[in-house]
Amino acid sequence: MAADLGELLVPYMPTIRVPRTGDRVFKSECAFSFDSPESEGGLYVCMNTFLGFGREHVERHYRKTGQSVYMHLKRHVKEKATGAAGGAIPRRRNGKVFLDLELNRDFNGEDYEYEDEAKLVIFPDHFEIPLPNIEELPALVTIACDAVLNAPSAYKKQEPESWEEEIQVSRHARSLRQLDNGVRIPPSGWKCQKCEMRENLWLNLTDGAVLCGKWFFDGSGGNGHALEHYRETNYPLAVKLDTITPDGADVYSFEEEEAVLDPHISEHLSHFGIDMLQMQKRTENGHHTDNNARPRVSEWEVIQESGMKLKAVYGSGYTGIKNLGNSCYLGTVMQVLFSIPDFQRMYVGNLQRIYDYSPLDPTQDFATQMAKLGHGLLSGQYSKPPMKSELIEQVMKEEYKHQQKGVSPRMLKALVSRGHPEFSSNRQQDAQDLLLHIINLVERNSAGSENPSDVFRFLVEERVQCCQTRRVRYTQRVDYCIQLPAPIEAATNREELLAYEAKRKDAEENMRAPPQPVRARIPFTACLQAFTEPENVPDFWSSALQAKSAGVKTSRFASFPEYLLVQIKKFTFGVDWVPKKLDLAIDVPDFLDLNRLRATGLQASEEELPDLMPPIVLPEDTRAPEIDEAAVMQLAEMGFPLEACRKAVYYTGNMGPEMAFNWIIAHMEEPDFAEPLTLPSMIDPGPSTSDSPMGATPLANSPPEESIAILTSMGFPRTHSIQALKATNNNLERALDWIFTHPEEEESDALSDMADTEPNDNTFSNANSHSDSTLSPDRDTSGPRVKDGPGRYELFAFISHMGASTMSGHYVCHIKKEGRWVIYNDHKVCLSERPPKDLGYIYFYHRLSSS
């Protein structure tokens, strides 16, 4: 028999591998479904790729790859017989098979026992070889099987490394020198000191400089001024400003080139007026904790509808999502997205096509993992009501412990959070940030196909007015969500709030227990009014005056989306840097009419500001730019012209030879490829046109070559990169988003896409009434795709947050289905008795038909 098995496996020996260090063994879940070893059909693990497949999907993998040998894993779970003694537990024949595999349901070790079995299966004949079978199998096969059986589950191996093990204490933390330069950092309103960016800002812990971070491929980041500052000063540590909480902050070491821990972060931040020690005291002090805890306890009870006998619901669309530990922000977002028909149609309607054309590693394919989760939520396969026998048994035992299992988003979470500093951690995150991140991923992965995120996209018309000359400028930008401020001064119970504040201060001064907190009640109309009011433009430069002046900006809808996302700005920083959540309730309406906020464009009585940009202020130091000569020589040794290498290193911001090499490949065909590097500060100014005022630059000029170089080094065509930068006022982040939403091959289809929009009016007509009434084809195809229509909406879902900060607490969502409100609280799905619409954080509206 041993010889027979050896001969049987000989043709397949070259395809059987032993897992190496770094190989992930997917033995807990199927790549295409939520089948596991506990499922009826068990799980098949490919002995070459170590991917796991359920019975329904293993044949597909065999046909696509030709891999014939799989390990079949099956776990049998059964309840112990009543009265069974502890010694009666059956002996497990393969005790180590699932040593590192967590159970997929809530088991009490005293009530359940399980038995594991494994066997090799050879396709297509399904020939089975039970394991272990050391005497009869070839040595290589035995070693490979033993390695797979004892390998940790793919995600159990990944989780501790992602947050706990990799980040080490910086060697600079203890001896960090901080300058006594009097710098104090305010709790808000930050911007980069060099480029005035307001996102991805880092505070240098030596001198207090606030500068932007690197620019990344996914569109996040900045212009790299924090890194430049380190190269100039050698000040090693910086902290990301929007990550500071009482629990710590994200710290990066430029010298060590990695994220690090700073045990003295409280002291280092207090040097610049950020008192984290006070933050700790405030959360640990008895009276203050009680003061904050009461409203949160009430909030938890109201939002989760605690104390009510909620009826569980089952079936298609009523499947819960397991909480992996601080992953409820992901679960609530995905529940809402897959309640939208466009997402259902894109991922679940095209399930077989997506699966059939998935790459060899489907765990790394966004469309596949979205389809997998969507099918899990909508199929009803993982949301089945308990059998009558189970209910009768529970009544007899007076136990009511049946709970919905739900599906695990582990594989999707690992994919969408890969490389993201926040989502890849095991901490709680902001559901709004994740929602926009998912929309960005959908955009990038929908090039050339249906894009379900089109339903959220709309155009905002921004009207900027120079207060001195009264002249105006109209611009457009793409957005996916409106953020509504919550003006506390507009609260209807203002007197009650003032009385509470007086009592609270009195109790604090006299060391008495604080009074019962009062929640501010704000009309939704007041939030909408605050959103539409003009706001001051910081550092406004008037092209009419050729100087800085006062300016105001108002925003209106140039188009209305099919689905409207509304975020309530509930989170803020106190003057002492304590992050806090505003305790408020807003009477959000079920029906919303925003037609009065439709943009009108340039009016006949208005005069436009000249299309001029501020003059370029050249630095006094006109020395040649610093160029990494080591990278230049490394490229030159490959045979490229020296001057081309210098340009490549300069235009990629000294980011290393790899980025510079990409730039060279993208620019090799250009006529000036090998010409010497010339910079704007070294070029003599050309003859100025008579109609261009001194020092002003026409807006039609080409974007900065550095920005073009960064985009082209990523593989985008030069003409397309220039077009993207021009369309986004040379903003790199928005330009990348523009490129992903406007692939070159789709430009010819843009007009046909417009025909599919709501037939109410032309997409851009209202936003650009100051231009020709008939838009040219070029103008139509260069703009983003939007599904414009009437601005009348109905509420169909909302996500609520409980806790003091987006970095902690819990999320649940309520969705209206079949005329009933349903609460999704992790894996539990029940009919809602009293949906807390006034305590939501993100609201979702769908457009009403014009009929």
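Keep in mind that glycine also has a Cβ here, set from the backbone N, Cα and C atoms.
According to TrEMBL, the features are:
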| type | residues | note |
| --- | --- | --- |
| ACT_SITE | Cys328 | active site, nucleophile |
| ACT_SITE | His810 | active site, proton acceptor |
| COMPBIAS | 746-759 | compositional bias 'Acidic residues' |
| DOMAIN | 168-276 | domain 'UBP-type' |
| DOMAIN | 626-667 | domain 'UBA' |
| DOMAIN | 702-742 | domain 'UBA' |
| REGION | 683-703 | region 'Disordered' |
| REGION | 746-787 | region 'Disordered' |
### Message
Sequence gap of 6 or more, Cβ distance under 8 Å: name the residues on the same chain that satisfy this around Cys328 (active site, nucleophile), in order along the sequence.
### Response
Gln428, His810, Tyr811, Val812, Asp826
#### Entry: Average pLDDT across the domain 'UBA' (702-742), rounded to a whole number
75
### Summary
Residue counts for the domain 'UBP-type' (168-276) under DSSP, helix then strand then coil, are 19 helix, 24 strand, 66 coil
### Query
Looking only at the domain 'UBA' (626-667), what are its DSSP counts of helix, strand and coil residues?
29 helix, 0 strand, 13 coil
### Summary
Around the Cβ of His810 (active site, proton acceptor), other Cβ atoms within 10 Å, all chains included, total 19
### Query
What counts of helix, strand and coil residues does DSSP assign across the domain 'UBA' (702-742)?
29 helix, 0 strand, 12 coil
